[in-house]
Amino acid sequence: MTYTRVLLKLSGEALMGSQGYGIDPAIVQSIASDVAKVVANGTQLAIVVGGGNIFRGLKGSAAGMERATADYVGMLATVMNAITLQDGLERAGVPTRVQTAIAMQEVAEPYIRRKAIRHLEKNRVVVFGAGCGNPFFTTDTTAALRAAEINADVVFKATKVDGVYDKDPAKHADAVKHPQLSYQDVLSGELGVMDSTAIALCKDNNIPIVVFNLFEPGNIGRAVAGEPIGSRIGDPA
């Protein structure tokens with residue numbers, strides 16, 4: 001199965017590579033190169049990006065900040081990442097628009113659902129920044145929400161591991177990978193894939209989720225083509 005319209009969720013941490021903080025230009029270039037190939041083949045692609053490479057609301061809250069304030073700072077971090085991705089994509093020849101859930105008209109369009117869909121129909125990539133504009137919601141939940149709004153076929157969660165495991169493979173050599181999971185498997189377990197709100201949104205709207213390794217060149221294209229990479233969450237295909 002080839003997907004026509006895709007919502008790609010990128011964590012902020014993915015953009016920092018091995019640096020430990022900030023944005024690694026080589027990672028942005030690699031992502032842009034993979035995205036350019038799938039868009040050239042006619043796939044409509046929207047991106048939701050996190051901000052954890054710059055600031056994480058939960059960590060700010062744990063350090064004493066008011067949770068809502070910390071989340072707003074995190075939203076602004078996602079906008080920095082979104083603009084950086086736009087630059088990388090356009091340098092790779094991919095027309096790209098940034099839409100933010102918090103208005104900042106000097107650097108981005110406001111989020112307008114119908115306009116986002118129109119951009120996709122014109123083969124432009126749309127990068128959604130500032131989360132969903134409200135505190136207490138993760139960017140994973142934003143990805144599920146935007147996927148439902150734009151009628152995406154699938155949510156791709158591109159991470160540093162090649163799928164969903166029963167425990168952290170970085171810490172446990174005997175970790176077992178799950179190639180297929182139901183929404184309920186994830187909601188009932190403690191697999192740490194996405195928060196329960198994001199999974200429930202995808203379940204309610206019957207949007208499958210594919211979790212795969214972002215750092216394997218060509219994986220975005222393989223996922224778009226429906227190749228069996230990573231882990232798939234959803235009802236049986």
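Just so it is clear, glycine is given a Cβ too, placed from its N, Cα and C backbone atoms.
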Among Gly51, Gly88, Gly93 - the residue Swiss-Prot places in the same UMP site as Asp71, Cys132, Gly133, Asn134, Pro135, Phe136, Phe137, Thr138, Thr139: Gly51
Near the Cβ of Gly52 (ATP binding site), how many other Cβ atoms are there if near means within 10 Å? 21
Residues outside the region 'Involved in allosteric activation by GTP' (17-22) whose C-beta sits under 8 Å from one of its C-beta atoms, at least 6 past its ends, are 53-54
What's the CA-CA gap between Gly52 (ATP binding site) and Thr138 (UMP binding site) in angstrom, rounded? 11
Near Asn134 (UMP binding site), how many other Cβ atoms are within 10 Å of its Cβ? 15
Per DSSP (helix/strand/coil reduction), Lys9 (ATP binding site) sits in strand
